[in-house]
Amino acid sequence: MTLIIQYFGLSLVPNDMKLFALVLAVAFAMVSGDEVQHLRGESKSAAKDEESPAVGAVVAEPKEPKEPQSTMDQVPKPAGDVDKEESKGAVGPKAGKLDSPKETEPDVGVVFEEVEGTEEEAEDETSEKEKAAHRPGRRRPWGPSRVGSTAATAGTEASVAVAVVIAQPGAAVVESLERDFDGDTELADERGTTPLLLASALGKAEIVEALMERRADLMAGDVEGDNALMMAVAQNHADIVRKLLDASSSVDPDVQNKIGQTALMKAASKRNMDCVRMLLDAGANLNTKSKGGKTALVEAAEKNNLEVAQVLLKAGADASIADSNGMTALFPAAFRCDEPMLQLLLSSRADAAAKAERIGTALMMAVDSMDFKPSAVRLLLEHGCPADEPDARGATALMKAVEEGNAAAVQALLDAKANAAAKNQEGKTALDLAKRSGNASLEQLLRVAFPG
């Protein structure tokens with residue numbers, strides 16, 4: 001029966017078996033929803049850096065998507081995904097599920113409204129116009145449905161329809177759409193997920209090609225604004241990315257989703273080098289900024305994607321662009337004391353003296369790092385990062401090192417002639433802060449540098 005549903009569509013199931021077929025279809029959709037939920041992970045990057053609801057999953061009322069946060073937004077702690085971003089190391093949505101069906105016979109009368117009374121009565125009494133009204137259609141606002149005594153979220157009918165359609169071989173998808181859904185290639189569930197979006201996310205190139213031949217809208221997005229190109233890029237389906245980019249000039253690689261991300265930003269974040277190169281060849285804008293001010297280069301730096309950063313910089317990415325908090329790609333690299341990335345950015349005209357509104361300088365990020373390396377501090381100082389530049393509360397990098405109890409950072413800064421006599425807004429010096437913390441070893445280091 002599952003094969004009948006997957007390969008021949010619901011319309012060919014015998015009337016006496018339709019009820020059972022519908023139950024199987026709902027169960028199939030639930031499984032498919034979970035599979036795609038694992039695929040999309042996102043935000044969470046963030047955030048967590050930029051971190052996402054499952055493609056085609058049955059979910060509750062959609063919420064306004066948020067840009068994955070960066071670890072920088074939660075200094076001194078690096079954040080996970082929203083991404084949350086997504087995501088560990090990022091400098092910086094979930095699908096609800098149906099409960100398992102009861103053992104008793106399910107009430108599917110609301111899921112597919114054609115099935116009321118006996119199948120014969122439904123066929124005799126329902127006009128063609130009424131039947132069409134019950135079919136899943138383009139961006140239909142689906143009402144609530146139930147399976148047995150289990151309440152389902154809005155959109156079950158459409159989610160089932162999209163999942164059943166996409167379960168078929170490529171050519172059969174178009175046939176199913178023609179036969180069962182009036183040829184509507186933009187059939188969508190309540191999250192705006194169309195067969196093309198789902199096929200792109202799952203890497204089903206044959207289905208993508210069949211839908212493209214049927215002139216499906218290649219730029220249609222879901223409720224988060226993610227289109228087929230973004231779906232394919234996020235899962236590194238390079239063959240589908242190539243098909244879409246080669247399709248026509250109507251595929252714009254610079255289209256942004258609801259949080260301002262482009263396909264290039266997603267590729268940079270995911271370390272998808274093939275996709276990055278294809279997007280650059282297609283003329284993708286290197287320096288487009290998301291709503292949070294992030295560029296593809298910042299995404300690469302947050303995820304420590306050195307090779308991607310090298311390609312972007314070679315193509316002309318601007319390392320001095322700052323996000324809405326004033327942080328450039330140099331800040332996440334400094335936060336991890338990632339010397340290869342720091343060296344790459346500093347040699348590409350990144351501004352070592354750049355100052356973020358609340359955080360201060362990249363040097364302060366390095367001092368806060370759990371992976372602190374004195375060599376990273378020296379590298380920043382050698383390229384012009386000011387040792388004594390205060391943050392919003394008047395604290396210098398030396399004071400931050402004392403507050404963190406980072407003796408290696410204190411020593412590195414003292415070796416670089418950091419001003420131990422500088423005072424914060426409370427009138428306290430680094431030595432005063434060491435005394436207050438009761439850290440005798442730091443106090444001793446500072447007394448040598450600042451006897452007074």
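Yeah, the Cβs are placed from backbone N, Cα and C, and that goes for glycine too.
Annotation source TrEMBL lists compositional bias 'Basic and acidic residues' at 41-51 (among others).
Feature annotation from TrEMBL assigns region 'Disordered' to 41-151.
The compositional bias 'Basic and acidic residues' annotation in TrEMBL covers 96-105 (among others).
Among the features that TrEMBL reports, compositional bias 'Acidic residues' is placed at 113-127.
If you look up TrEMBL, you'll see 142-151 marked as compositional bias 'Low complexity'.
Note on the repeat 'ANK' (191-223): its mean pLDDT in the predicted model is 89. Residues or ranges marked as repeat 'ANK' by TrEMBL: 191-223 (among others).
Taken from TrEMBL, the feature repeat 'ANK' applies to 224-252 (among others).
Sequence annotations record features per position, and here TrEMBL assigns repeat 'ANK' to 259-291 (among others).
The repeat 'ANK' feature in TrEMBL is assigned to 292-324 (among others).
Taken from TrEMBL, the feature repeat 'ANK' covers 393-425 (among others). For the repeat 'ANK' (393-425), the number of residues in each DSSP class (helix H, G, I; strand E, B; coil) is 17 helix, 0 strand, 16 coil.
Taken residue by residue, the repeat 'ANK' (224-252) breaks down under DSSP into 17 helix, 1 strand, 11 coil.
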